[in-house]
Every structure is written in C-alpha cells, then in structure tokens.
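Taking it in order: structure first as structure tokens, then the write-up.
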Amino acid sequence: MDIYDLSSAAYKKARRRYLKTTKNRNEDLDAEWTPFRAAEKKYKARFPPPDLSHVLDLTSVTYDAETLASGRGFYCNGVEIRLLETNESMSSGVGKAFTVPRVPGLVILPSFVSPQDQRRLVRWALRDHARHPNETNLDAHYILPEEGLWNAHLSSDPPLVRTRACTPELSNTKSGNSGPRQLVSNTPTDPANFQSMLHSPKPLPAPSPTVSPASPTTLISKLRWANIGWSYHWGSKQYDFTKGKGHVDNEIGAICKRAVSSVDWEEVFGQSDEEGWSDEHWRNWHETYEPDAGIVNYYQIKDTLMAHVDRSEVCATSPLVSISLGNAAIFLIGGLTRDVEPTVILLRSGDVVIMSGPACRRAYHGVPRILEDTLPEHFSLKLDGEGLSSWTSYELYMRTTRININVRQVFPKGFDPGLQVEN
C-alpha cells in the first residue's frame with residue numbers, strides 16, 4: 001500500500017493532514033483513552049500508518065508437527081493460539097480452525113469459504129438480498145426500486161430513486177425523531193426480561209428532509225447494511241418482532257451450520273468452568289444451533305465499526321458466525337469492558353469467525369480499518385463455468401469494499417417467545 005512508502009504522495013498527503021489536524025490537540029488526550037479505544041485510534045489512523053507486524057494473521061501462520069502433536073498452544077505475533085481438530089469435510093476452504101485462549105469461545109477458520117463460494121456470496125449479497133422485503137439502511141429515506149438497488153444500478157438509464165420525505169403518501173408514519181442516531185446502551189436481553197422488551201416502543205426512523213432524489217449508482221456507494229431474518233431495530237438495539245421473521249437464505253444458513261459443525265467444541269470449552277450458560281450448552285449445538293437473524297454489512301474503504309457488544313439475543317451464548325468477503329479488515333476483540341486490551345486480528349476474504357460462549361458473545365469488538373488494495377486475485381479472474389463479463393460490475397464494486405455476513409440465533413431451541421407473527 002502506498003501509505004507505507006515514505007516517498008509516496010499518499011504518505012506525504014497523510015502526514016500533512018495529520019500535522020494540520022493535531023496542531024492544537026491536547027497532548028494528554030491519549031492518557032484518557034481505554035485500552036480498546038487506544039487500539040481503535042491506532043489502527044484507524046491514516047498517519048502514521050499502523051504497524052501491522054503485531055496483528056494476528058492466521059492465513060499465513062506456520063507451526064511444526066511436534067507442536068501440534070503436543071496439544072500445546074503456540075504464539076503468532078505475540079498472541080497465544082491453538083490449532084483445533086476439525087471436520088475438514090465441512091469446509092470448502094483449507095479446513096483449519098484456531099482458538100485464542102485469552103478470548104474463550106473465539107474460533108477462527110481461515111479461508112473456510114472457497115473462492116468460488118465467495119463470489120457466489122457477493123452476488124447474493126448485492127443482487128438477491130439487498131432488496132425488498134429485506135430492510136436496508138436506505139429504506140428509511142428512499143423508496144428503493146422493487147427489483148433491488150443493485151439490479152437498477154446495472155440497468156440502462158434507470159430513473160432517479162425518490163425520497164420518502166418528498167413523497168408523503170409513502171413516507172413512514174409514527175416515525176421517531178429525525179437527526180443523528182442517539183447512542184444507546186441497551187440492557188442485555190434474557191428470558192426473564194424478554195416480554196418487557198418485546199412490548200417496548202420501536203418507532204420507525206424519520207425520513208431525512210435533506211436528502212435528494214439520486215441515481216441507483218449513487219446510492220449503491222451509500223448502502224451499508226441489509227437485514228437477515230428477524231428485524232433489528234437500530235434505534236433501541238432490540239429486535240422488532242412485530243415485523244415478522246424474514247427469510248434466512250438456505251445457503252447462508254448451511255455455511256453457518258457447516259462452520260459450527262466443523263469445530264470440536266470439546267477442545268474449546270471442555271476444560272472450562274465458565275459461568276453464564278443458562279440452559280443452552282455447547283454440547284448440543286449440533287442439534288440446537290439454528291441461525292435465525294443477522295446483518296449483511298457493506299463497508300467502504302474508510303468505513304469503521306466502533307466498539308460494541310451484542311446484547312439483543314435471548315440466546316446469549318450460541319455461536320455468532322461472521323463471514324468476510326472482499327478487502328481485508330482489522331478486527332479487534334477484547335473483554336467485557338473497554339478496559340481489556342483487545343486482540344488484533346487480520347481477517348481476509350473467505351475467513352469465518354465464530355463468537356460463542358458467555359464471555360466471547362458479550363465481549364467488546366469492532367472493525368477500525370478496512371485495508372485498501374487487499375482484494376484477492378480470485379475476484380478479478382475468470383473462474384471455470386462463469387462468464388467474466390457478468391462478473392465485471394461486481395469486481396469493480398468490490399475493489400473498494402468489504403462485505404461481512406454475520407448471522408446469529410435469537411432464541412434458544414425450545415424457548416417460546418409467545419409471538420403472534422407469521423414466519
């Protein structure tokens with residue numbers, strides 16, 4: 001990347017901007033940051049460019065047979081990791097799985113998704129999923145084309161997409177306040193408080209009065225998320241079950257189940273005395289794991305996902321499966337507070353991360369940086385049985401994009417939410 005070349009224009013531009021923006025900054029500001037915040041700032045910074053030598057990159061990790069046979073952990077870039085036994089028939093990729101002992105329940109499967117499957121998932125995420133009835137971040141403000149934003153973007157001379165604020169008869173009713181989204185620290189959902197959260201107000205977001213009609217091509221670059229399964233209400237950080245359960249794509253569900261089934265969970269939790277399991281337990285995941293909600297995130301190069309905790313699922317320990325596609329990203333995962341220094345992991349296209357268990361599912365995590373110019377070569381090559389011309393538009397989009405598909409289980413198997421909704 002040019003930013004690491006001290007003689008490059010990109011490096012000099014970043015340095016000038018850094019000196020200008022920090023000229024009057026309080027020198028003691030850094031001392032107030034928590035360890036997680038310090039890591040976010042470090043890897044988000046455009047200058048100086050972050051040193052990636054201490055980032056855990058499991059795609060390139062090496063280990064010897066003696067270490068593996070001993071069952072001991074070994075270190076990669078200063079982080080202890082363990083190689084797990086896997087059911088390699090469950091993977092379309094390299095068939096390896098690693099756990100990070102300092103984050104109990106965190107499992108990483110490098111290159112779990114094959115290049116062909118990665119491209120198929122990109123098509124699905126853009127062409128098939130980011131459209132009605134699956135809600136996106138743009139639906140609150142625009143009346144999106146029925147055929148989907150991506151398909152309209154590919155068509156010749158599509159009409160401008162109308163705004164909701166300028167179309168009163170199609171605008172949201174009973175909307176919440178307009179303006180920036182407020183920060184919400186939500187109470188963790190559990191079986192005891194589920195009914196009160198079920199009936200708490202979840203107003204629709206107000207359409208922005210300032211946005212203008214725009215072309216599908218303009219809006220594609222503003223697409224940031226699309227809902228999977230149960231509808232997530234961003235304003236309250238709770239699920240809005242009144243909307244009913246959306247469809248979970250069969251292939252996405254199958255990949256997630258395959259990832260969970262490929263792991264020997266006895267190796268991960270067998271020696272653990274960790275509290276917080278309730279009635280749900282890892283020994284039964286091959287029978288009870290059933291993904292029913294999630295989000296597809298569409299990151300552009302300068303986008304970030306700041307530190308947060310997933311507290312909305314009644315099933316607080318079941319695996320959350322995250323699939324990376326496109327450009328690589330820096331992933332941070334810490335502990336139950338921001339005072340825990342996070343583990344820094346490089347996630348490449350095709351990698352799968354599983355967050356499971358009481359500690360890991362409630363751990364602070366985030367993505368402070370997408371790494372430019374890290375799109376794998378297989379996104380620009382013609383693959384067997386696929387016409388290159390039909391892929392070109394996807395490849396152009398993915399040059400500056402990372403897509404993340406993360407899926408989780410809202411309800412433990414056997415839990416009766418008492419919902420009068422249609423599936």
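Just so you know, glycine gets a Cβ as well, placed from its N, Cα and C.
Any TrEMBL annotation is an automated prediction that lacks curation.
Owing to the predicted nature of the structure, the values given are computational and were not obtained by experimental measurement.
Per TrEMBL, these features apply:
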type     : residues               : note
REGION   : 168-213                : region 'Disordered'
COMPBIAS : 169-198                : compositional bias 'Polar residues'
DOMAIN   : 290-411                : domain 'Fe2OG dioxygenase'
BINDING  : His308, Asp310, His365 : Fe cation binding site
In sequence order, which residues at least six apart in the same chain have a CB under 8 Å from the CB of His365 (Fe cation binding site)?
Ala307, His308, Val309, Phe331, Leu332, Ile333, Gly334, Pro342, Met355
Those residues of the chain, 6+ apart, with a Cβ under 8 Å from that of Asp310 (Fe cation binding site):
Leu320, Met355, Arg361, Arg362, Arg408
Apart from His308, Asp310, His365, which residues in this chain have a Cβ no more than 8 Å from the mean position of the Cβ atoms of those residues at the Fe cation site?
Ala307, Val309, Ala363, Tyr364, Gly366
Do you know the mean pLDDT across the domain 'Fe2OG dioxygenase' (290-411)?
93
